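Working notes, beginning with the structure itself.
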Amino acid sequence: MEYNKQRTMIIAVLIIIMWSCCYSHAQLSSDFYKESCPSLFYVVRRVVQRAVTRERRMAASLLRLFFHDCFVNGCDGSILLDDTSSSMGEKTAGPNNNSVRGFDVVDKIKSRVERLCPGVVSCADILAIIARDSILLLDGPGWSVKLGRRDSTTASFATANSGVIPPPTSTLDNLINRFRAQGLSSRDMVALSGAHTIGQARCVTFRDRIYNESNNIELSFALYRQRSCSADSGSSDNNEVTLDVHTPGRFDLNYYRQLLNHRGLLTSDQVLYSGGSTDSLVVSYSRSLNAFYRDFVRGMVKMGDIKPLTGSNGEIRNNCRRPN
């Protein structure tokens, strides 16, 4: 009798947990602002388009903001919060310091959206939309962005610095584990890594790889990148080069083809094709743009579902840089 009571209680708790998780995600929908801010997508697209036209690299930067936001306590816009006298934000944490950018674009979008629909659209949702639009503007795939997130009132420097965002020196196991901790599979991880077909990396993030012959790197590629990155720390530390040598301004599959030729710039790139469990995915994406796009979109949608604040949780910030 006592056993049956305990068993019933355990099942009830599990049902509540599962219902809570699913309910949180169910509150996100692509038409969340259909009535409250119908011009939202148009306003966001115009600002992003102008920013990317001025600097194509900005598309990668805006996409990266979304990734770095979602991996630290969920997609809640916390990465946008500035430091205050009483707390440190996430902008100066190791993975973000002198690296993440595009905050001015977010500010411009938020300002225009607030004029149209004051107190309605969250900064967290703006990050989700600009990530999609950035990919579209570089000839990548599109998808319906799920919306309805609310903004956090705090940021976490400690969490951002804890390793939840995989570093560029990551092993394959570390990448798999870090993505799994966010509810993302190995397939999601390899597909989302394809975002490195756009964007740039600083010398300090790939120096060890291009000067270490045992690192599974094609020699001529290493020598080519050494022109922009000296062996010793110093003046070239912040020199930036494109992750994709051939088509850095297009969202295509050349990233995976580079990996097949051992031309991954970052250690965390090349480990995806190094005799491990993800080799077959790299081969598949290098051959089929449709396969890459399909899995990338699925991964982006899943990433956007990481611990969103909904309902009465969080707030709608008036200014993305500070809580209300």
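Glycine too: its Cβ is placed from the backbone N, Cα and C atoms.
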From C203, C320, partner that TrEMBL gives for the disulfide involving C229: C203
Cysteine paired with C117, where TrEMBL records a disulfide bond, from C22, C37, C70, C75: C37
Which same-chain residues, if any, lie at least 6 apart from C70 (disulfide bond) yet have Cβ under 8 Å of it: Q182, M303, G304, I306
Distance, C229 (disulfide bond) to D76 (Ca(2+) 1 binding site) (CA atoms, angstrom): 36
Ca(2+) 2 site shell beyond T197, D244, T247, D252, criterion: Cβ within 8 Å of Cβ centroid: I198, H246, P248, G249, R250, F251, L253, N254, Y255
Rounded Cα-Cα span from T197 (Ca(2+) 2 binding site) to S78 (Ca(2+) 1 binding site), Å: 26
Within 10 angstroms of H68 (active site, proton acceptor), Cα basis - recorded positions out of C75, D244, D252: C75
CB within-chain contacts under 8 A for C75 (disulfide bond), separation at least 6: F66, D69, A124, L127, A128, R149, M303, G304, D305, I306, K307, P308
